[in-house]
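Participant: I'd like to ask you about the structure that follows.
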């Protein structure tokens, strides 16, 4: 199967990097849309387009974020029950004097009267005097002044002369929706401002009232207002402690009920009191609004608007973030960024209002993103459709496999039409990709397609063996095929020729380069060759690199050379010797005796037959199919010992088999016996008379080992590397060296390797030699 290197899953960083950078046209459109969204944001602020949403959020936060009323603020309420018992409003001044007297008797800190006393009662002068005396007795009493518009502008009407109290204004500052959310700390004609009644009361309880910015607002007629602050309402109507005026007049209120407290006297009865809508209540009396205002000043939690610079920074920040996200992020990430900035803004505004009494209207900040996102999406969709249309037209003109792509005009110009056309083209591209993949997969050689940096894009199934050579422990095949330079280093014994070939090819891709031969770590010969894959302009874009397995070719060449050597030297030598003997025999003076001649001819003919048999046996074991079965290795060792018994007896050699275990291996019994016989023959030939040759079978971790040890002349360390080369006879220089073909150990090594085993020798001159064969265990049912 065609594969490629494993690719990491995309995270947010790779997704960001994958987004193409905008072109000039897209950047200009983006700038125009951002400018339009900014203008709409300014307009929303200027004309209060979303003010209703802002105040709805404001009111909801205050309604949900109530807090406990202060114990030192008490309302003396002229309620419906009091009016029913005492009489309709307005009450006589004497009755009011009695009410104030009872409050003053408890020594309050200050008394605020939410009752207009502008004109004296001409019908009851004594009542006015009694009321003035009650105010004087109560201590610090504050009365409201009445603003009124005249021909010269607005002026205050003060309480009638002789009352001798403090004067304040009690105007609320309702918003355009008629909800009272705040008041001005001071207002009045220019140069004659009155503080608010709540401010004057608060100063009696806390001489240092928390300072607030006093920005002035001056009307055309000179009426001036300072410091519009928001009231942090404690809760709905009825939150503060109310003492009915009737209960006070009837003496039902404890004498110390007002001691040290701020007392507000005002009407709460229906049709008498001023009723206001507030964030926490749709109907709240004016005297309770004053109580909330007083507490706000005492607690220092007046709600103040954010600074103008902060307001515009926060208002434009979501637009800026959304604009950048749309320009640089994917649509999904951009939408997430826009929604995230909106949520952060709303949460931050709520937290600032509830926790720090700072108010910043948030919804104007959302106008820009709400306008920009759909407009930009529209423009992007138009650009995408235009791009798809152009590309589809271009592909429709392409010759070859994609030439029959349906023109877009046949199906329409809508998004669905484009999607249908792309789907049709995608099916064709999938078919083309399958065709190319199968073509690559069907190549007879291990083939990879890689970039100029060496990164492997595709690899066919025949690269599995190379990947296995290059894999490190725990590494996947795809990871081993990540790049060509690493593959060369890890899969081949000497990567230098491949590296030089790769470097030369990259330097001069248009120059013909001769393929190079490499040897894998498992001994296979590979021929490396590279060719360029070019685009329409003829520029190399990728490189196809093949590794042709020429092991069989090299093995055939080696066999041919061995055969030629065998025929030209080893087989020819004894035949030449026979011809020489015949020629010698024609010379009567030098002729051998009849018996001696026959012996020499027999020896040379046997030598020829021995060489021919050894060569044929080696060729057969290298090429023929081996049918493996479970065999007893100990039994094979005993069979081999029996077969060499005659030769051992002739040389007076004892062959001992040391094996007291059960050793089952997978093998072809005749070949394995023949390999052991070859080792035993060599051991007997090179051992002195009276020596012992030992055949031992032992069990190891994953294999069984059978060894043949002799007491012969031994083998020097420098000669051991040549033992398993064809036609190598190491002891030819010895005077009494035994004859041999030089193929016996080659045969043994070939048999062992074809059985999945290995062979090793341990020897030293004069100390004999030990040849050990390791053969894999046979697998039995239930055996791992």
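For all residues, glycine too, the Cβ spot is worked out from N, Cα and C.
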Participant: Among the residue ranges 269-286, 287-304, 359-376, 377-394, I'd like the one that TrEMBL describes as transmembrane segment.
Facilitator: 359-376
Participant: Which range, 30-49, 50-69, does TrEMBL list as transmembrane segment?
Facilitator: 30-49
Participant: Give the range, chosen from 214-233, 234-253, 334-353, 414-433, that TrEMBL lists as transmembrane segment.
Facilitator: 334-353
Participant: Pick from 190-209, 310-329, 450-469: which stretch is listed in TrEMBL under transmembrane segment?
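Facilitator: Comparing 190-209, 310-329, 450-469 with TrEMBL, transmembrane segment matches 310-329.
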Participant: Test of understanding: applying the rule of at least three C-beta pairs under 8 Å (pairs 6 or more apart in sequence), is the transmembrane segment (30-49) touching the transmembrane segment (334-353)?
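Facilitator: By the criterion, they do not touch.
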Participant: Given a Cβ distance threshold of under 8 angstroms, which distant residues of the chain, six or more beyond its ends, lie next to the transmembrane segment (359-376)?
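Facilitator: For the transmembrane segment (359-376), the list is 30, 33-34, 36-38, 40-41, 44-45, 49-51, 53-54, 57-58, 230, 303-306, 310-311, 314-319, 322-323, 326, 334-335, 338, 341-342, 345-346, 349, 352-353.
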Participant: Over the domain 'Histidine kinase' (566-779), what does the predicted model average in pLDDT?
Facilitator: 79
Participant: Are there residues at least 6 beyond the ends of the transmembrane segment (310-329) whose Cβ is under 8 Å from a Cβ of it, and what are they?
Facilitator: 15-16, 19, 22, 27, 30, 34, 37-38, 41, 45, 337-338, 341-342, 345, 348, 360-362, 364-366, 368-369, 372-373, 376
